[in-house]
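Listed features, source Swiss-Prot:
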type	residues	note
DISULFID	Cys63-Cys72	disulfide bond
DISULFID	Cys68-Cys80	disulfide bond
DISULFID	Cys73-Cys90	disulfide bond
DISULFID	Cys78-Cys92	disulfide bond
SIGNAL	1-24	signal peptide
Amino acid sequence: MPKLEMMLLVLLILPLPYFDAAGGQAVQGDGHGDGMDRYLQRDDREARITCQPRGRSKWGRCCLTQMCGNYCCYKHGCRCVYHSWRGHGCSC
């Protein structure tokens, strides 16, 4: 099964609380980043996945593309740019 079809299937199966409104998948760790490391190692995920811990919380957000500010870019190969009037955005 191609990666896109597999990802769509997973998105349909997982309940919505696992995802946050900004488009990244919320991942629960143990406060030291180990939970996010285990998430990245599962299912041979690519090394390009970026994760962002949330301070002292056990939760963080992982993107399958690139994280830009609080959001995930919609495809690979994008750059994160900052516009003074709009904030962070992806340039693809």
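Numbers here mean position along the shown chain, with the first residue as 1.
Any Cβ shown, glycine's included, is placed from N, Cα and C.
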Where does Cys73 (disulfide bond) sit in the DSSP three-state scheme?
coil
Quick one: give me the count of other CB atoms within 10 A of the CB of Cys92 (disulfide bond).
12
In terms of DSSP three-state secondary structure, what is the assignment for Cys90 (disulfide bond)?
strand
Enumerate same-chain residues with a sequence separation of six or more from Cys80 (disulfide bond) and a Cβ-Cβ distance below 8 A; give 'none' if the list is empty.
Gln66, Met67, Cys68, Gly69, Cys73, His88, Gly89, Cys90, Ser91
By a 10 A CB contact count over all chains shown, which of the disulfide-bonded residues listed here is most packed: Cys78, Cys90?
Cys90
C-alpha of Cys72 (disulfide bond) to C-alpha of Cys78 (disulfide bond): distance in Å?
10
Can you tell me the CA-to-CA distance separating Cys63 (disulfide bond) and Cys92 (disulfide bond), as a whole number of Å?
16
How many other Cβ atoms sit within 10 Å of the Cβ of Cys68 (disulfide bond)?
20
